[in-house]
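Data first, discussion second: the structure below is written as structure tokens.
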Amino acid sequence: MNQLLALVILALLQFGAAVRIPSATEVVVGRQLLSEKDHKYKVDDPVPLWASKVGPFTNPSETYEYYSLPYCQPREGVKHKLLGMGEVVDANRMASTPYQLQFRKNRQRELVCESLLDAEHLAKFRKAVKEDWYFQMYYDDLPVWGFIGRMEKLFKPGGVTEYKYFLFTHIDFDIKYHDDRVIEISVSTDPQEAVNISENVSGTVKARFTYSVKWTPTATKFEQRLQRYERFPLNPVHLEIHWFSIINSCVTVLLLTGFLATILMRVLKADFIKYNKDDPALDEEESGWKYIHGDVFRFPPQKNLFCAFVGTGTQLFYLALFIFVLALVGVFYPYNRGALYTALIVLYALTACIAGFIASSYYKQMEGELWVRNILLTCFVFCGPFLIMFAFLNTVAIFYRSTAALPFGTIVIMCLIWSLVTIPLTVFGGIAGKNNRAEFFAPCRTNKYPREIPQLPWYRTTVPQMIMAGFLPFSAIYVELYYIFASVWGHKVYIIWSILAIVYVILIIVTAFITIALTYFQLAVEDHQWWWRSFLCGGSTGIFVYCYCFYYYYARSDMSGFMQTSFFFGYMLMVCYGFFLMLGTVGWRASLMFIRHIYRAIKCE
């Protein structure tokens, strides 16, 4: 069975590595693809320049195919490159271009084509210039960007404002090489060679598209060529700011957690001394966390859903851990197209057994009987909402004809991975968890009837406790959130994975500690319903992150439009939901360990 599963996974990955873009009529094979893989060329060797996408610079999710604009096409027809699954998910669509960029061959004012732009073409280009569209291309796996045109704002007498739109028709390619390898490429446009496509232009406009190529030797070696993108002008990385924010967060968190730990340990020490005394007068008082020992290990309501949450949260915790391991060993280098998405899809599928095992094991320990329903719930507790959100957002992208809409073939592959790998592994893990002989460890026996919970003030209810629990972990990561958002929802590149790993560790530690502290305060007032409370308090940081999304969208970004807005808030809702499950599991597991420890340390009759 394991060999069969491994063969299925291998076949799916190989199939996913050859995702065919729909509407492509030709497959690029032969010398071009081979030379692109080898990255070694001879003089005059053809090196293909692939056009990836175009779109508004301020809306990173709203991207379109390059030839959605009426640009010059190759004489032999547009060819499309085979892409991996992660590249397609990253909204890349590689199409051939008419630019001839042979290795170390300079060109000067080379004509691409002469085009007559009619009213429809002018409207498309005008819209692109007005919305500040950019294009993205790849040359020898190196990304390059440029803008479609420029807009001028003119003030006329009488307070009248007039806008003029100019289309760039000339591109300068500046390429650097070292021996037989391409090291760097940059693009610039000539403002002097721009065609006026303003609204007052009538009739057809003749546009003459040209390009120049300049090759320059450099001492930079091939292994160092990606270091440029770590300092790219569009992607500044301020290492000092990152470390300063980390140190500041560490100091703040250490002071706050140290303060709480000191108080908590002193109170616990006094409680241990008090509760371990054989004093009949203390027994008559019956107050404090000791006297709910008969109810504190009473299993929570909706334990089926609770165990599914814990199992999925554990899976997401290990998924994040594995991603950090891959990042720290250098798998995700700058502009490694789609590698992160591929890793997320594959690792999520392979770690499904963890969710099934943990959920089913705890469900059995909590004396659950509907274990089949528990396994099915574990399969859909995260994937279900995500699939619904994906279906809606993909429909929006299809309506906009954006490259963010996944092709049908890619959707089929992902569904096959989910149905043939994720669900079977979840079921196998669930069966293993059901057959696990481990029993729930409780230092105290549970009473037959639950103890009545006293009336508590408003600030000890669930919502205020969640706000208190989520604020401290969020304060430790909010500075780094800006850089992550600017990378995911912008054009910056996040490469300092070591700092992000440190932030992740801080987040886990602080979440665990603050949840333990709030759980103790809850038990101290004889409220024994801590199971769901600890999970909600631990996961409340995800709610804070989603609230930060509104601040980032309206105050720190220039995103606009229905598609970009729906993509941003839709996918961030799913990310924050995953955060909620993962950190909620961390909070509950930490509280369980803490409660077992304190009740094991006292005498319970």
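Start at 1 and count along the chain as shown; that gives each residue its number.
Every residue gets a Cβ built from N, Cα and C, even glycine.
Look at TrEMBL and you will find 1-18 tagged as signal peptide.
Per TrEMBL, the feature transmembrane segment maps to 241-268 (among others).
The transmembrane segment annotation in TrEMBL covers 305-333 (among others).
Among the features that TrEMBL reports, transmembrane segment is placed at 339-363 (among others).
Residues annotated as transmembrane segment in TrEMBL: 375-400 (among others).
Residues or ranges marked as transmembrane segment in TrEMBL: 406-428 (among others).
Sequence annotations record features per position, and here TrEMBL assigns transmembrane segment to 466-489 (among others). If you look at the transmembrane segment (466-489), the same-chain residues 6 or more away from its ends with a CB under 8 A from one of its CBs are 60-61, 242, 245-246, 248-249, 252-253, 256-257, 499-500, 503, 506-507, 510-511, 514-515, 518, 536-538, 540-545, 548-549, 552, 556-557, 559, 568, 583, 587.
Beyond the transmembrane segment (495-518), the same-chain residues lying 6 or more positions past its ends with a Cβ under 8 Å from any Cβ of the stretch are 230, 237, 239, 242-243, 246, 249-250, 253, 257, 260-261, 264, 320, 324, 327-328, 332-334, 465, 468-469, 472-473, 476-477, 480, 484, 533-534, 537-538, 541, 583, 586-591, 594. Here TrEMBL flags 495-518 (among others) as transmembrane segment.
Feature annotation from TrEMBL assigns transmembrane segment to 530-554 (among others).
Residues or ranges marked as transmembrane segment in TrEMBL: 566-588 (among others). Long-range neighbours of the transmembrane segment (566-588) within the same chain, counting only residues 6 or more positions beyond its ends whose Cβ lies under 8 Å from a Cβ of the stretch, are 61-62, 309-310, 312-314, 316-317, 320, 381-382, 385-386, 389, 392-393, 396-397, 404, 469, 473, 489, 507-508, 511-512, 515, 531, 534-543, 545-546, 549, 553, 559.
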For the transmembrane segment (530-554): best-contacting stretch of 305-333, 339-363, 375-400, by Cβ pairs under 8 Å: 305-333
